[in-house]
Structures are given as C-alpha cells and as structure tokens.
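Data block below; observations after.
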Amino acid sequence: MTQRKPLSRFAADTALMTYVALLMAFLYVPIWVLIAFSFSSSRSLTWPIPGFTLDWYRKLFANTDLQAAVVNSFYVATFATILALIVGVAAAMALHRLNFPGKTLFRRLILLPITLPGIVTGISMLNMFRLFGFNPSLETVILGHATALLGVVVTQVFARLQRLPRSLEEASSDLGAPPWKTFLLVTLPNIRSAVIGAGLLSFVLSFDEIPVTFFLTGRDNTLPMYIYSTMRRGVTPEINAVGTLIVLASLVLIILSVLLSRDRSPR
C-alpha cells in the first residue's frame, strides 16, 4: 500500500499534465501556424514553409480597403467602449447603492445581451432600428456593440464596488463633499483599475465582433467583415498577416486588462 500510493499519484499527475499539454496545443498551435504562414514566401499553404518573407505585410499596409476597414473598426470599438463604460459604470453604481424591487432580476437581465447568441442580438437590434427608421451604419453597430458589452462593464465594476468600504464614501460626505465630488475623488480612484480593465476587454471584444456587426453595418466594412468577405475566396497570406497583427494587438490589450484589473486594497 505504501508503494501504490506514490505510483497512483504519479500516474494521476502525468495524466493531468498530458491533458493540459494537449489542451494547450489544441488552443494555441493553430495560432502559431497562422503566424508562421504569414511569413511564408509561398502563396499556397504548404508545410514546411519554403522560405520567409515580409512581402505580405508590405502588401497589407498598401491595401486601401483594408486601411479603411481598420479605421472603421477602431472607430466602432472606441465609441462602443466609451458608451458601454458610461452606461455600465452608472448601472453598477445603481446596483451597488440602491435597493429597489426587482434588483436581482435587473442584475440577471443586464447580462442577457452578452449571453445571448450574437445572431439573436443582431437581428433583434436590426428590427428595433428599422422600427424607428434608422438605416444600418457604423453608428448602429456602435449601439449594438455597446449593448452587448454592458454586461462586461457592469460585472467587473460591480464586483469591485462590492469590495469598496462604504466608510470611505461616508467620510467624504461627512466632510461636506457633494456626491459628484465624492465619486470623482473617492469612488473612481478606487475602481479605476476595474473600469480600465473592463474598457480594454470591451475594446477587444468589439474590435473582432462579427454576428452583431453583420446585421447592423451598412456599406462600410469593419475589419472582421473585410476578413470574412475576403476569406470567401480562400485563405491568402495577406489574411494570415492580418490575423497575426490582430493576435498581437489583442494579446497586448488582454495583458493590460489583466494587469490593470488587479484590485488594490484601499488604504
């Protein structure tokens, strides 16, 4: 019995490590393949790569349609994130401070747009915009993305507010500070990391969102829609180069989001 225990534990640890290694390979090997093919000197996806080149990146930066799509994606993601932060922080503050009938239901419903399939959100918002006479455009995409991102902002900011001692705000009020000043000088500095983290994550999610964009966009393409329309003719090295740049940009933003979302205990 004394010998079987270490042996069984070793087998369990080995099986767990093997499972984790296979899972990581399943998740990340395709990304490394994408990056490798973006530097391939051949237009066809052949392995091993015959040679390395930067020509596909040069062609990428000379593509005016792609540049317009990138600008549109930055425009949509930036303003959708700003709108989601404004509404989401206010909603999180209301959930934290106020007690009202249906509060628990409201917390669940505000997560609905991000939990629903994107196609459902896109179709429902398209019907609403048509009902009010709005034509599909980048602005309708912004509203659609902001609606879907509300759950991200509210969840992160509300969680941070729950860990913020009420005594800090009460002390500010006792000293005669008006509510807006208490928010700017006391509350906001303590939830700043959560707000920035939620904003960065929202930007990443909006930048590469397709289902909602597909239904709400007009004649202007965003980058994901441009890639989708291009890939219908087949995967090209330029698409691999675009994907590589998106991976790098998303990785930087996600790392920043994680670092900035680390809560610090208020002093």
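A Cβ is built for glycine as well, from the same backbone N, Cα and C atoms used for every other residue.
Features reported for this protein in TrEMBL:
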type	residues	note
DOMAIN	70-257	domain 'ABC transmembrane type-1'
TRANSMEM	20-39	transmembrane segment
TRANSMEM	74-96	transmembrane segment
TRANSMEM	108-129	transmembrane segment
TRANSMEM	141-161	transmembrane segment
TRANSMEM	182-205	transmembrane segment
TRANSMEM	239-260	transmembrane segment
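As a quick check, the transmembrane segment (74-96) and the transmembrane segment (182-205) clear the bar of 3 or more Cβ pairs under 8 A, pairs 6 or more apart, so the two touch. The list of residues near the transmembrane segment (20-39) in space but at least 6 beyond its ends in sequence, with Cβ under 8 angstroms from a Cβ of it, reads 45, 49, 52-54, 56-57, 237, 240-241, 243-244, 247. Non-local neighbours of the transmembrane segment (239-260) in the same chain are 31, 34-35, 37-38, 40, 56-57, 60, 66, 193, 196-198, 200-201, 203-204, 207-208, 223, 227, 230-231; each lies 6+ residues outside the stretch with a CB under 8 Å from one of its CB atoms.
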